[in-house]
Amino acid sequence: MLQEGAHGKWTVSSSDESAEENSDSEKPCTSSVSDAACGRTSGPQYPCSEARKAAHKRKASPLKLTDKSLSTETSPAVKQRPSQEGSGWCLSSSDEEPEDEQKHAHKETVKEEEYDVPKEHPLNLCKDDKLSKTLKEEVYNETPSEAQDIWDLVNGGNPFRFFLTKVSGIEQSYNSGALHIKDILSPLFGTLISSAQFNYCIDVGWLVRQYPQEFRKKPLLIVHGEKRESKAELMAQARPYENISFCQAKLDIAFGTHHTKMMLLLYEEGLRVVIHTSNLIAEDWHQKTQGIWLSPLYPRLPKGASGSAGESITNFKSDLISYLTAYSSPALKEWINLIQEHDLSETRVYLLGSTPGRYQGSDKEKWGHLRLRKLLKEHALSIPAHESWPLVGQFSSIGSMGADGSKWLCSEFQESLVAAGSNVTTFRKCDVPIHLVYPTVNNVRQSLEGYPAGGSLPYSVQTAQKQLWLHSYFHKWSAEVTGRTHAIPHIKTYMRLSPDFQKIAWFLVTSANLSKAAWGALEKNGSQLMIRSYELGVLFLPSAFGLDRGYFHVGRKELPERKDSATYFPIPYDLPPEQYGSKDQPWIWNIPYTDAPDTHGNMWVPS
């Protein structure tokens, strides 16, 4: 079947058309631990998506442009050149394995292109699987001055407590003010008693090694959504560690995932909450753009304090307890009690979660996009002519949006994102400009990781071909402002900006991608909201930071230190976003890219 649109066309075999795309295409799959031995093509040793499995395969068996390993009778340049002109993508047959493809080898050599991107060595999956001398055991040692800088950073100069992760291979000045997971778990931040890690994709051995030696045997609760074989594999990973226990999140609605990424860290000195966007695997903390909100250190309340004590102006404490209560898990009851015992009053962000279920009445506004709508109506100021203020959504995966914008994106979802103040205003369909930021094929090709970076962008051709209308909203990834243009984003952010892109009405960092599974979709004539997945993010509103003008200014790296730094929000990518050109295509993980090499000189053939 041929599908054509403004940003390409695909030839899709009939066997691919029935693929389910209700979720974010991040359905877990498992790989056998026994297959991890050297010399065998294997996926990672932890449950992850099909797209990430393909990325691991290509790291293990990279396809150079000089390789005789493609299922085509013409050279890659000839085969894929039309795609660079915006006219064609082909999906290879899912039945054709690389071994078969070698029979149709091409002999032409294509000259490697030069890029300004630092050419980091490709990861060696064999060593990676052995957890030995590569990224899995990446040496991460801080000098005393770096440790002091991190301490100052977390306790002083960042009023929003919003951070990016450190990126290997970029200019070091751009990592100033960024955090690695080892920084977050450092003894500098507190003397750990116990911790809970909520996440989607988890490499247990790697995670344990991110804790300082002295904390590695402290109780650790892992909250996950794995079932059956994936769950068994996760348990097997944890067998060597007696201090690890598990909480399995209920996922009763098909295609839902436990996508939340949060740490609860209990110290002798208090409690800290970390809400972020990274999976607990080495790749997510290496060369990707990721976001972190790090709470203040919450002190213990005096004994005998009332149940409502320690609440913030944003209701963060009771909202966090509500979110944890939604798991209905005895394992989380201890953490709920601990949160009750601490003073969270210094929190300045609003919690925005999704939990699986079908919600009616007042429960409809507890989760997902209707929760965002409620928060904006109650706490965002209505700005004159704000119908012209555009929306920006930036994400790493895309679910099924329906046949056109009226089905969800430009109807219920947009209505939630444009809410402001108590005035109920309904705009005509897509009156408010929507800018969707999602990496192009060239963004991925020219990235630090090269094509395998696309393993964390699981937009499938089966979904894309049904919503070509969506691609007209797409804008390129560019982050010169933070030195991260070549660090592929796994962060997810949403915001409302002034037409000149200098003011921000609100900013959200979250685990939620652009999907109905994550944000929820109305059912039964709007009387019910159905959500498939667990998600979590934090919303920054000017009013919670003492600003009465109704907006933050867009922060710029070149701005000097200022006393009014709380008015300048550090957006992690370039504004305004640049719309796709006629030759740009959104990255789609499950089709080949053989026209031009990535930064490691390789091609992408996922099958």
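Just so it is clear, glycine is given a Cβ too, placed from its N, Cα and C backbone atoms.
These numbers come from a predicted model, not from an experiment.
Listed in TrEMBL for this protein:
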type     : residues   : note
REGION   : 1-123      : region 'Disordered'
COMPBIAS : 68-93      : compositional bias 'Polar residues'
COMPBIAS : 101-123    : compositional bias 'Basic and acidic residues'
BINDING  : K261, K492 : substrate binding site
ACT_SITE : H490       : active site, proton donor/acceptor
SITE     : S515       : site 'Interaction with DNA'
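The recorded positions recorded for this entry are K261, H490, K492, and the Cα of K492 lies nearest to that of S515 (site 'Interaction with DNA'). If you take the C-beta of the residue listed as 'active site, proton donor/acceptor' and look for same-chain residues 6 or more apart in sequence within under 8 angstroms, you find T277, S278, N279, D284, K288, T289, Q290, S396, S456. All chains included, 24 other C-beta atoms sit within 10 angstroms of the C-beta of K492 (substrate binding site). Taking Cβ-Cβ distances under 8 Å and a sequence gap of 6 or more within the same chain, the neighbours of K261 (substrate binding site) are F198, N199, Y200, I275, H276, T277, S278, N279, S511, L536.
Counting every protein chain shown, the Cβ of S515 (site 'Interaction with DNA') has 28 other Cβ atoms within 10 Å.
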